[in-house]
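Report on the structure given below.
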Amino acid sequence: MAPTRMIDIAVNFTDGMFKGIYNGKQYHVSDIATVLSRAWNAGVDRIIVTGGSLEESKEALAIAETDGRLFCTVGVHPTRCKEFEESGDPEKHFQALLALAKEGIQKGKVVAIGECGLDYDRLHFCPPEIQKKYFEKQFELAYATKLPMFLHMRAAAGDFCEILEQNINKFTGGVTHSFTGSAEDRDKLLSFHNMYIGINGCSLKMAENLDVVRDIPIERMMIETDSPYCEIKSTHAGIKFVKSLWPSKKKEKYDQESLVKGRNEPCLVRQVLEVVAGYKGISIDQLSATLYQNTCRVFFPHDLDAAADALLAGRRESQ
């Protein structure tokens, strides 16, 4: 495989599937190390592990500490925002998130606040008023830590963009990940100068999804797997652009040399790259270089500074 550098901005390593547990039943051993090894071999050189609740964010940080190439987010997913009130003391819960984020920043591991936002597709988990209240509240985490935002928007573009606009000065930048919205939703997000759009298999399901993605400028895009969910399936519109394949076996026949059928994992971010490049008609190298830079600009700005310094140093030496 070509030495294409990729950063997967969304991996749910806290999900039971990476511990071998599916619907409450154990099928194989915990295999994050094997999954990581496949990812690094495929050209992934960094992964951001998603936190979706206070407890999950603690676990995400613990996982991120096991490898120099792993980073994480701290925040509360819209469908879990009831946890603020169920904790009995929402302000204390907020302060615990803030303390965790600060601890993670000190360790060089926490790179964003999130996953937070609005999800009106799954209101049975959390009503819209509570979602909105604590989406707004989490901008204070970004403001206090100077971290970018890792955002979730599902069937809620109007309210989401309104809250974004009201808090635009509280955060440096961010990405709305796992984007599956309309052309109108896309344009609303792109109207925020500091907002990027995260693309994965769920973003590339149907022909109309591909058309929406085609008109996202590559300078405003990032890629992700959102694994273990959102894989590119053989029925998806973008499948014809996929070139990289791995053997897979059912979870009942687990074999560490193969992917688990139906479980997405970070090495497959390469397929997302291939579909976007194929549909846009641009080279994989050009696309991956731009996406890499976008991701560093938002989540790893010190890397861009280091690269710029090295360039300047090189120029000085040549003079």
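First residue shown is number 1, and so on along the chain.
Cβ from N, Cα, C; glycine included.
Here is what TrEMBL records for this protein:
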BINDING   E115, D226  divalent metal cation 1 binding site
BINDING   H152, H177  divalent metal cation 2 binding site
*Given the binding-site residues H152, H177, which one's Cβ is surrounded by the fewest other Cβ atoms within 10 Å?*
H152
_What are the sequence-distant neighbours of D226 (divalent metal cation 1 binding site), meaning same chain, six or more residues apart, C-beta distance under 8 angstroms?_
A10, V11, N12, T50, H177, S178, N200, G201, C202, N264
_Tell me the Cα distance separating E115 (divalent metal cation 1 binding site) from H152 (divalent metal cation 2 binding site), rounded to the nearest angstrom._
6
*So for E115 (divalent metal cation 1 binding site), how many other CB atoms are inside 10 Å of its CB?*
30
